[in-house]
Each structure stands twice: as structure tokens, then as C-alpha cells.
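Annotation comment: TrEMBL describes 124-181, 402-422 as region 'Disordered'. Here TrEMBL flags 148-178 as compositional bias 'Basic and acidic residues'. Residues or ranges marked as domain 'DNA2/NAM7 helicase helicase' by TrEMBL: 338-404, 439-507. Among the features that TrEMBL reports, domain 'DNA2/NAM7 helicase-like C-terminal' is placed at 516-702.
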Amino acid sequence: MSLLFDHVIGSFDLDGASLCVPDDDALDDHGDVVPVRPVAEFAGHHDELAHPEEDWVCIPLHEPNSAQVTDEFVAFTDHSLHGGIFVFERDGERDFVDADAFGATRLADRIRFWHSDYVPETYPPSYDSPVDDSEPARNPIPSAELLDGLRSHVEREREATRRQNRERAERRSPDRVYEAGGDAVPELHARGRDDGTYRFHVDPPADVATRQDGDWAFVVESVFGIHEGNEVLVHDVDGTRENGPFPVPATVERIRGRSVWVAVNWAEVDGATALESALTDGDTTYGLTAVLNPVPFDREREAIDSLADHRFRDVLAGDRPITFSNGAAARSDQFDAELNQEQQLAVEHALLADDLFCIHGPPGTEKTRTLVEIVRRAAQAGEDVLVCADSNQAVDNLVAGSSRSDEADPQSLHAYGQHGDDDYTLDRVNASQSANDVVRRAYSDVPGRADVVAVTNNSAATLARGFDLVVLDEATQSTCAASCIPLVRADRAVLAGDHRQLPPYSASDEPPESSYGHSLFEHLYADGGVYDGVGLQLQTQYRMHRDIAYFPNRRFYDRTLRNGRAVDPLPDRPAIEGYNVGGRVETVGHSRTNPTEARLVAHLVQDLLADVPAEEIGVITPYSAQVSRIRETLTERTDAGDRVTVDTIDSFQGGERTAIVLSLVRSNAEGTVGFLGRPVDGPRRLNVALTRAKQYCAVVADWHTLRYDVDGKCTDLYSDFYQFVSNTDRLNDVDPEFIPV
């Protein structure tokens, strides 16, 4: 259950130990209830604690008021008549207490430190810290090679993004791009030529005009996603110039309200004279689609150039050992008294780190809570703290979490800033553009110099100040190059993430093949990284029912996860189950949809609504087309359909719901599964999908297709999951003809 219990199990001598003989008052109810079942469950996975003669799991006892192990144990067994019981000796005979009743006894206190939630004041002398005071590099890289590799990766990504976006823009009209949520202006008209650029006037759709109500400042940027410096294509929307050079490559030079000036890339244009005439024709309707925003790539290049002269260059290359002697831990006190053992160790080492520390936070291990404690203590120690993540959503989650206007989420930075306990002043850069109401209202105007600044990795480039510490959340979703932007603005870094979940997005490699396309977290800490012991895994999960956690724990986390609390399943249904159904798959653009699975998903959601609020149900799938199909089907089938979250697996990473229904879509006789079978990210995507649910998870799939992939990619993964649900009687075979319409 804890790092300490791991240590005790490895050193406990069962042959020299005896069954406990408790004192008279040891079985009295003393109020506090120790979660003894998770301790017993974890102990049961260790053969060295199995009694040689009885069907017992032997759990060592520690001293009543310390974590020092004794030579006594209590035994746990799942009795055929009495259920889970704890066994001990009394009056020369074996006696027992029901497991739930045992948790409230004084005797149960003597196994409390084996659970992560209970932290001893001191650790036994034999217990070693999981992190050394000095950690040398194991796989160093020449610094010149490192910098060249990072620069090359940025340019590959720039060119791949440009090429992919241009191909899409040439296939679709600006209005289709805009309606699909892309960056485009559906309609504009020429207004003449001005110093080598062409001026256009934007004519917004009626709904935009109504919403703006005459306020056109930044409408092109905020509504249509077009910015100065963007590479774009100019389209002839009317189609009156079929023989012309449209769409025309250009660059946005200036934007003022509804006026846009573009410079044509003449090197890529044939028929310059005719085009020049066309671009000044005010009667023709034109459109713009974005091809490339160069700013993120330029910022990454600038950060890499800064890295060349920064102290982190030697760290990323492995040119010096990582040490732990910083004074921030000594200059601050623990705020969150409820942190478990691994969380406290992570906080202490993050504050002690002279350069960096990595925190591996699998699903449900309260990584965010741990990071909030690090920020609070660093600020108390007088340090300036930069808090970053790759996306605005991830930044806002750390800033506000589930805070409401009248109640702050206690696991958010918002709860302890100027609007909460006032431990520090918090600023959220670009808060006025946030989709989170609490963030937008509380942080759009923060006066003075803030102690803690929260911003996306890329927007950190706009900051003109340095920081003592940068805390980089969701660090495994950000490339090395993107992470360098906040990194070079700080003296020390804490990286937090889960490299068993989805890797960073890559336009040039999907998933990234080059190590420079991986995350900085993986580059430094994961298998094959530059260092080894520069991080710590949080091992106690509090989110999922143990049956939901069972398969991911064994398949993706090498059985290192422990269940920190008992999560009840939903009434009258298993916590996890599979549905085996075939179906016709339709191709929609580059995506896919399975109408049969969509109908089955809608039926399952309807059934769940009897026990679960619609807002606590999530439906996830690998394919965006299936997202649309399921939304349509739910809207047709139930009035609550629009309140059920339906999204792609990738978009739902970091989210959780009481109940999750997963639709895997693929169904064919050939056994082809597409990107679901990619060895690099197929397992990681399934891991994300299976770990979103708290009490119920249903997996809908054609298991014949998934288990018999013709290329053999990830076949064992899906076969193992199939065997897991099948062998535990949780697999339901469904005839498509009998799915209710």
C-alpha cells in the first residue's frame, strides 16, 4: 500500500514471526477506521506473506506509535462462511473479527502505516529514501547533438504542419472549415491594394454579427482564428475564376478590426497579372483558410537557442549529476496534512531538487493535489513560481479545478491564492480568453507582480521575468522543444505526468519516432532516459473501483498501483464489462463510424440514466466521426443526451466520470484495426480509455476484429483484455438485430 510497506514485505521474516496475541483492549472500537481491506488486498499479491500451512495472508504489525516492524502478524482470509476476516490468537485459541469491524479496532492501528494515507513521524532506520542525494546520468548525450536534434525536430514539425494544413485547406472550402471549428474566414471582399499588400473586408455570418453587436475589435483573431503572421490560402468562394491560380498562398501582414491585409507569395503563383486584377475586384467573394501559425515554432526555436547558454543544457544532456540540497523544503512547512506517504516524499524531493524532479502520476493518484502543495510551499519559501501545461484546459484545471464562483476546489491553486487562503498572489496569463468562468472572472485583471504565474508552455514566451521554479503539469503531453519555452525561464523544474498515457502530438511522426518528439519527462526519466532515479511514482489510486483498476494496473503499471479506498460499484451491475458486437463501419473523411455500436452505446446510456446523472456519464471513442454519430443517436433516443459528455479518447485524457462507455468502432473480417494497433501509442490510448471511470466501465467492440489484427500489432493487448472480461463472466455477446431501436 505504500513504499514503506514494500520495504517491510521485503525484509519481514515470516518463519520467525508469530500470530498476534492482542491485549484485552486491542479489539475495542476507538473511532478512527483504518482502511484494512486495501492493505490485505495488497499483501495478498506477495507470496512471501502467504502462510505455509493455512490459507492466510500474514500482515506484519508495527509498534503502536511508530512504523518499526515487530515479529507479530495478523492474518487475513476470505472465509467461505464469514467472508473477509482477520485472525489472531486469544486464550490459546484462534479467534477472528469481521474485516470491516476490525478496521475500527486499536489492533488495526498497528497496520495503519502500511497504508499510504498514514504517515509516520519517523521512518525505521533500515528504510532508505527512494531517491539518492546525487543521481549521475546513465545515458548522456553530447550537448551539441541535443541542440541540433531539437532544432531539426522543430523544423520537421513546422514543415509537416504546413503541408498537412495546406492539403486540407485545398480540399475544403473556407465555410466548411469554419463550420467544422477550424481557422477560416468564410466570406470577405477585396478593398484594393496598399503598399504591395491586398486589403480585404470581412463579412461575418449573421450569428457572429449579432453576437458582436458592432464591436469588431479582434473579431478576426477571436472568432475566425486568423492572426498576423499566419500563412493562409485565399479562395475564390464564388468559383467565377475557375482557370485562375486559386487558392492563392499568402501571409497575413496586418489586421485592424474587420480589415485584413495579405501579402501574396508570388513565387508559388502562375499568372500574376490576372491574379493582381482579381484580388482588387470588389464584386468577387473570397475566403481565407489558415495554413500555418509560425509563432509556436518560432518560440520553440528561440527557447532552444536560449537553452544553449542556460544551466538546463547540461541537465538535458546529462553532463552533470542531479542533486538534492535546495533549501526550499527547510524554509517551508507542510500545508496539506492529508497527503499520503508517496505524495509527501514527492513534495519533499521536488523542493530539495537543485535542478529538477519528475513525478509520475498514474490515473487517480492525486497528482494535481501534490503539485498544489509544491507550489504553496515554494511560495511560502519566498520563491517565484511558474506553473505551465501544454493546453489552456490543463492550465485551468490546475488553477481552478472544479471551483465554482461560491466554492473553491481545495485541490486547486485558486483555493490558496488571493481569492482563497491568501498564501500567495496568483496570476493567470490571458485569463480573459479562458473558457473557465472562475478563471476569467477572478484573474482577468491581477495588479502588481504575482508570486505564482500560470500560463501555457507556448505563451510563457511572452513573459519578461524569470522564476525560481517552474512546475510543468501534463509534462508527458508536451514535446521536448515545447517544454523548453518555460524551462529556460526558471532555475529549477518539477515535471509531472504519466508516460503510460498518450504521448505528445506530432505532425511529422504520428506517434513520434525521434526521441526529440517525445516529452521532456520521457527524455529525462522514463525507460532509456538520460537519468534514472530523478523521480518518484505516486502509487495509491483513489478514483476507480478495484475491478476497473485491475487490468490497467497489471498491463500498464507493472502492478505498482494500490487501491487507496473502497469504491462501490453501481447497483446490480459489475464494475467493468465488455460487449461483443459486430457492425458495418462507414468511412467519413479520414475518420470512421460504426452505427451498430452507436445504437448499443445509446441503449447502455439510457439504462445507466436510471442510476447515474447524465452529467456523470461519459462516452468515449477513438474516432471523431463516431463522436458525432453517438451524439446524434443519443439526442434521438433520450432527452438527457445533450448532457452526456461524448468525446474522443484523446480529448478526454485527464477527465473522469462515474460511468464510462467506450466504443472502439473497428469491425471487419480482415482484422484490421488501424491506429488502435500501433505498438507505440495503441496501448497508451487504451490505458487512457479504461482509467476514466470511477464506478462503471463498459467496453463495446468487435472482439474478433481487435484480437485478430492481420499485422499482429497489439493483438496480445486486446486478447488479454478479452480474456480478462471473458474469464470473469463479464462479457456480453450482442446480436445487432436485438439492440432496441
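Each Cβ is built from the backbone N, Cα and C atoms, and glycine gets one as well.
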Completion exercise
The predicted model's mean pLDDT over the domain 'DNA2/NAM7 helicase helicase' (439-507) is 96
Exercise for the section: Give the residue counts of the domain 'DNA2/NAM7 helicase helicase' (338-404) per reduced DSSP state, in the order helix, strand, coil. Expected result: 34 helix, 12 strand, 21 coil
Fill in the blank from the handout: Residues in the domain 'DNA2/NAM7 helicase helicase' (439-507) per DSSP class, helix first, strand next, coil last, are 21 helix, 20 strand, 28 coil
